[in-house]
Structures are given as C-alpha cells and as structure tokens.
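This report refers to the structure that appears directly beneath it.
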Amino acid sequence: MESYLSENFGDVKPKNSSEEALQRWRKACWLVKNHKRRFRFTANLSKRFEAEAIRRSNQEKFRVAVLVSQAALQFIHGLNLSSEYTVPEEVKAAGFEICADEVGSIVEGRDVKKLKIHGGVEGVINKLNTSVDDGIPTSEHLLNKRKEVYGVNKFTESPARGFWVFVWEALQDTTLMILAVCAFVSLVVGIIMEGWPKGAHDGIGIVASILLVVFVTATSDYRQSLQFKDLDKEKKKIIVQVTRNGCRQKLSIYDLLPGDIVHLNIGDQVPADGLFVSGFSVLINESSLTGESEPVNVSEINPFLLSGTKVQDGSCKMLVTTVGMRTQWGKLMATLSEGGDDETPLQVKLNGVATIIGKIGLFFAVVTFSVLVQGLFSRKLQEGSQWTWSGDEAMEIVEFFAIAVTIVVVAVPEGLPLAVTLSLAFAMKKMMNDKALVRHLAACETMGSATTICSDKTGTLTTNHMTVVKYYICGNVKEVNSSKVSSDLHDSALAILLESIFNNTGGEVVRNKDDKIEILGSPTETALLEFGLSFGGDFLKDRQRSKLVKVEPFNSIKKRMGVVLQLPDGGFRAHCKGASEIILSACDKVVDSSGEVVPLNEDSINHLKDIIETFAGEALRTLCLAYMDIHDAFSVGTPIPTRGYTCIGIVGIKDPVRPGVRESVAICRSAGIAVRMVTGDNINTAKAIARECGILTDGIAIEGPEFREKSVEELLDIIPKIQVMARSSPMDKHALVRHLRTTFQEVVSVTGDGTNDAPALHEADIGLAMGIAGTEVAKESADVIILDDNFSTIVTVAKWGRSVYINIQKFVQFQLTVNVVALIVNFSCACLIGNAPLTAVQLLWVNMIMDTLGALALATEPPNDELMKRPPVGRKGNFISNVMWRNILGQSIYQFVVIGFLQTRGKVAFHLNGPDSDMILNTLIFNSFVFCQVFNEISSRDMERINVFEGILKNYVFVAVLTSTVIFQIVIIEFLGTFANTSPLSLKQWFGSVLFGVLGMPIAAALKMIPVGSV
C-alpha cells in the first residue's frame, strides 16, 4: 500500500507543492462520496487561477500608473499649479480640508501634480488636521468624526458560513442520496403492501439514520470552521507604533485613521496608504502589488507608500492618508477570491487510502448485491415462480440494493482525510493557548517529524531582557550595579559616549500617556539607551545639539549600524556600533584613560580583543562603539566610511537564559531531535550560552565566515557535528538548512525574526517566526509564529505535531479494522447463507461510530510526555506502519471469528428458537459487532502500550463519545427495533454481546506483545 501511496499521492510536499502534483492526486481520487466535504480543506485550484489572472491584471495597471507618475515628475517641478478642487461641505464641517477620495487618489495614482496642488506632504498634513510631532487628537468625539469622513482600516470579508450550509453540504453525499431514494421506494412499496404505519418502518428507519449522520457530520464540520475562523483572526493581528496626542504608542492596524503618524522600521508591513514624512535609506518591496522584485527608494522626492508593501531597509515616519477598502491593497483583496491553503501530505495520503479501500468496497458491494439477487432468483426458479413477483420480493431487492450501497458508505472512509483536518484544527486551537500560532496546516503535522531544530539565541534561548552589566571605556573595566552610574570618565570621553549612544540608535526615549519616560526600540537599543541615561544623559538635548544627516540601519549581514551627524560648528562626525571584532577592525585609534585620542598599536589591539573574549566568556553580548570626524564635505549620497574610526569603548550586555530552556533541550535530545544554535553573536558568547542551555556537548562550534569557506566534502563531514554557528549571516543559516534537508534528509525547523531570515524560513520544512521580536516579513514567510519567543514553546509545537501524527494513525487503525470486518462479514454471509446480517440502518450507525464519532474520540487526544521519548518519524517513515498492520489484522481476525461463531453457533449457544430467532440472532451479531468497536476504540488509544486507560478520564471528548455511543446503542436495540430491524435482548444476551467486545481488549494487549519492528 505504501508504494502505491508514494507513487500516486506522494508528490505533495508540506510546502511549495507544484500545481501538477496538486492536480495529479485529485485525478487519482475518483471514488468520492461527497466532493464538497472531502475537498473543503484543500486548495481551490480554479479559484487560484482566477485570482492570479486578476492579480496580474492589477499589477499591470499599477505598473503603468508608476511609469506615468515618474514621467510626470519630469515636468511638474517649477510649474505654478492652481487647484480646481472644492472641499465638500460635510468635510469642512468636520474640521478637514480634503475628502477621502481626493487624498486617496494622490497616493493611488502617485499623482505628483495633485500632491503639489495641495501643498505637498506638509499641506496634506494640515488639511488632515494633524501634526508630525503630536499626531491626531484622541478624544472620542474627534476620532468618530474622522471615521465618518475617512472610514476605518478594515477590509470587506466574505460572510461566515452558517450551520445550515454545512447541513446542505453533508446532504450532497452521493451514497446518502441513493439511500434516500431506496428509503422512498421502501416507503412507497411498504405502505402499498402493508399499509400505514407498519409498512413505513423500514423506509423511516433509513431516513432517520441518514438525517442523524448528516446532522452529526454538519455539527462536527461547523465546529471546525469556527476554530479556523478564530485562528484566521489571530493571523491578521498586526501592531504598529504611532504618535497620537504627542505620545508614541502601540496600536492595532485596524484602529489606524487618516492623519495618524506611523513609525515604520525594517521588516514592517505598510499598514495603509500614506506619504513619507521623514526617514533614512527607505527601500520598499512592492512586489505584492506591482509584481516587481526590485525595491523602490522612498523619500521626499517619491513619497508614496502603499498598503500591503514591505519595508526592506531603513526607517521612516509615515502619514496615513487612506485606509480600508479605499487603499490599493483593499481594492486588490476585494477582487481576489481566496484559493485556500495547500492540502497537507497526510490529507493527500489518507485520500489515497480512502480511494484504495473505496475501490475494494465498491467491488465487494457489487458482488454482495449480485450474490443476494442471484440467491433470490435461484429460489424463485426452484419454486417455478420466476415470472410472478410479489411486493415483498420487490422490497427484498430494494433492501439488497440498500445493503450494497451502505457497504459503499462504510467502505469509502470519507472521514479519513477529514480526520486530519479535525485533528489539526483541534491541535491548532490548543497550540494557540500554548503561545504558538500555526499559519499553515501542514506545519502542524510536519513538526511531528522534525529531526533538527536550528534556533536563534537572542530572545529564543535567552529572555531578550537586556542590560549593560560591564563596560570598558578609557582603559578601565567597570561593572554596572545600579540605574545611576558614578562616572569617573573624562568630560570629553563622556560627551562622545553619550553622543554615540543617543544619536546612533534605532530606539527612542519618549514620554508615554502617563507622562513617564519610556524607552522604545529593540532590546539591545533599549539596554544601550538605559546605559546612556544612567550616566545622567539627556536624550532630547543630545539629539538637538546636532543634525542627523544619514543613517545606515543595523542589519544581520553588515552586523553594524552607522550615522553621520552635522555638528553645530558645521563639521561632520560619523558614529558606528556593532559586532565588537568587526568594529574594532575598522578602528585605528582609541580613547585613553585621560580622554585623549591615541593610535592603536598591536598591544592595545590584543588588549581590547582580550576584553572582548573575557566579556564573551561570561556569556555577555559585546558591542563596540566608535566614531570619526569627517573633515571633508559630506552629502547624503556619500556612503558612511568603513575605516579610520576611534574606538570609544566596549559594552557587555547580559541577556539571561530563559528558565526551562535546558530542560527543553534535554527533552529534544531524548526525542531524537538535534538542537543547533545559529546566532550572529561572538563565538565565545555563543559557546557560553550553548553550554548553559545544554546545546554544546560533544559537537563543534563554528563561525559563519569559516563555514562559508568549506568545500562540499568538508561540509559532509562537519555538518552533522555542528552544534553552534556563530557570527552567521542569514545566507549561512539558509545554506545550513538547505544542506540538512537535501544532503542529510533531515526534517528541519528553523527560527527567525529578521527580514533577512525569510529565505531560511522559506527553505526549512517548518519556519518558526518570533511573535515579539519578529518582523512582519519574517512572520509572513513562517509556518508557525512563536508568540512568546520562547524555545520551550517550540518543544510544545513538536509535541503537538507528534500528537497529531499519532492520533491520525490511531484513527486510521481503528477505521480500517471496522472497514475490513464490516465488508468481510456482509460479503461472506451473503455468499454463504444468502442474506446480510447487518442491515442498511445498522451499517449507517456503524459508519457514524467509525467515521465522525471515531475521529472526534481518537483524533483529539491531547499529547503526553511519552511522545517525546520516542524517535521522530523523519522524512521516510511509512504512515501505515507494521505495528498498525499487526493490530488491524489481529483485531479483524478476532472480530470475524466472533461474528462467524454467532452466525453458525449463535442459536445453539444462546438457546434461540421460535419465529423470532433469526431477528434476535442478527441483533446479537449487530450488538456484538458494535461493542467490539467500542472496546477496540479504547484499545486504539495507544498502538504499542498495553495500558490504554492512563489519562482516559482527562479526555472529556473521548469519554463523551464513548458514553453517547453506548447509550444510543441501547436505545437502538431496546426501543427502535421496528426502524432498525432489531429485537430487544435479554440480560444474558446483553452480557454475551458486551463480553465479546471486552475480550477484544486482552486480544489487543496480546497483539501488542508481538514484535514487528516500527517501519
């Protein structure tokens, strides 16, 4: 079976499957009872094709608008333009001087002429009644006025599907429709022959069974859709920083309004259409709108920023001009119909299993119907009455046909692929509570097969709460023990240190709504700004002393940040900071103990390197600060110098290891998952933290530049041994992930937070983005977002992934057992004795036990710690393992023996005689068969361990399903006999039925002791 599945259904990958592969498995799945239900959670390829055509058309229109605006720029400057625009009265009355359509058309059409008519960016700011420094006022009354005039930043969404839609879809099951026709024929013939109500019992029984199946199925599907809806809401939550009422604050993008001043940084998504106000080195990736991969430089000359685009480099302030459905992104979203997520490999594989079993079931159904009809014809021939047919005989043929159709209902396990979705939806909802947001369904199941985790250090293994605890300035090493540092630094050295800290930063010191000082920025920037304030520095005063001319933001490739200041005397000064050894190599001078600048010689360089290694050996992140005076004129287009700096000093930043990380790493080791640290930090810092976490044991630590220089043969030898990679660039991380996946066939999960991590996140089997430190670009490339940035949460994701995989295996084992027994029993009885012991109504009930209810019970089992004590499945593990085949075949043989015994010796064993003996025997067979499934369901809770009762009472869903199954079975036997073709049983007969079910459990336990290997 595995080879058939691999050949026909094995092309679909967890990520980035080709359209051919997606089309191929659909064609192989020709035996489907309900297309709408079976393919509900798979990609809608036709809609995707339509969406892509619309997207291409929109991109072409947009590209033309860009070219027109660029051409217009050539002619606009220097022209005196007059405005023909009239402000609508309702806009004037609200206190604004430009309407939503007018301001929207400026950005949408990149209309330079119109922007100049309205007085440029400054004019639009005034007309929107806002301020660059203070933003918009936040009184409820004024915000409501703004919303009335300009709208809100929300996109039109397709309405949620109601419960009755799912009922309608469940009714579109081909086999149920055929059974409904059989029920109608049975009703008509029965009423004609036996009158009302006696003649209607069989037909009403089938109708009631169909409705029960439909409503249980629809309820399960509706609950799943609600879970996915909640997860979709979480995925769309994006927080941005804005200035309102003079205070910098965090705000959901859905609360943004025109006039808001938004602060954008590298990796952010532009949350609405707007205009550039101020900033440095801003590169915007507009490929989502225009299809162009080349980033666009945004500045005062080209100030247009469009919703849905990404900040690839730089930082800026942006004026929001247009929100919601008026933005370019909103209009694009309105024209696109979602194609849905790609189906997961497990869904596809189980569609393959369902197809194989469906074909076998169809064959058995046709043969069973043929044998039953042939038996009836043979009897008629013997009686010589082949030319005269009674209503009872017509009813028999209808009943035979209903049984054959019901065999197809039972045989085509429609619930198999849907059980994956049910289990994934359940796991995703629970993982959300455990601080992990799953963006793609496939990631949940793939994580269960993970063999390697490549983790960042900062914020994932460590707390990301950074403080400067040591510094080396003016030749002395000092410790920082309090918020106020007693400075014995020379005045000139202190001045240059504070100038460097407060100007060369991506952070800010602001006053919040409570008029308290708040430091904004990354944890590293926050630590440095706190350090500067502890010397008594004043952020605003230092910033105002000089003018910022150029900024080169920090990125993980250069590992440095630089700025150029214009000093009060007209000269220029460059400041840079970053990885200690990189900045030190750019220095040729140092500030000595007297505050004087002296040349660096070999001894002083070695001394500084020793300081860096000492700090790093204490698990401190080290940063070097440096400056240089630029004596020539400097322009914005000139690159910031890379050499000739004066070293101000070195700071050691403490970032403590997160509690529980060491234990989580140990859990990964016992689960056969290798943990590797990939960081941009100094190798000594990385090694110290890795040892503290238990990551660096008997492996090697290597630096990115050294890794890059290795030949392919050397990489084959060292990659399995690498436990730490320090000073790595994003491309080093990408190369490591690629080699692990392709050369070593590992299933790799990788963490990332920066824009440059996107390639590695995309390449990995499971990309894990950080929810707090991660940029929007990283989150969009990821499969799972770790909301608390904690390594322990990654281990929880792995545990849930394994739980999903094993739950599906348990359900498949259970369902295949029911399939095999139900098929063989009805087929063999039809062939041997000329009738089927299980009627259509009974088979529909069995189908519901094994399909919807079985999936609910087994596919929603929560994970346990034992899951992390077994090796991972990896890339090549068989889904239907030898263990499963052993349990399926063993349990099937036992159940077949039980039913065979009852069929041949049941009357004698239970002393059945009289006119009702056949009905009672068939009821006994049906009851015993159902209780075999009930106790087999309990045995299926664990495929290998004998103790299956551990934690059973904690799984409320399992207990509820089992209880309701037993209660409803009692009702069917004792009270619904006329509809379900059953007869009430005596206490002895009940005891016998239940005993046959119970005996299946020791049989299952004995089977688990037979060694078969795990493949």
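From the backbone N, Cα and C atoms, a Cβ is placed for every residue, glycine too.
According to TrEMBL, the features are:
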DOMAIN    117-191  domain 'Cation-transporting P-type ATPase N-terminal'
TRANSMEM  176-193  transmembrane segment
TRANSMEM  199-219  transmembrane segment
TRANSMEM  356-377  transmembrane segment
TRANSMEM  397-427  transmembrane segment
TRANSMEM  816-836  transmembrane segment
TRANSMEM  919-936  transmembrane segment
TRANSMEM  956-978  transmembrane segment
TRANSMEM  990-1010  transmembrane segment
I need to check the long-range neighbours of the transmembrane segment (956-978): which residues 6 or more away from its ends have a CB within less than 8 Å of a CB in the stretch?
201, 205, 845, 849, 853-854, 856-858, 860-861, 923, 926-927, 930-931, 934, 937-938, 941, 984-985
Answer yes if the transmembrane segment (919-936) and the transmembrane segment (990-1010) have at least three CB pairs under 8 Å among residue pairs 6 or more apart in sequence, and no otherwise.
yes
In this predicted model, the domain 'Cation-transporting P-type ATPase N-terminal' (117-191) has a mean pLDDT of 82
So how many of the residues in the domain 'Cation-transporting P-type ATPase N-terminal' (117-191) end up helix, strand or coil by DSSP?
47 helix, 1 strand, 27 coil
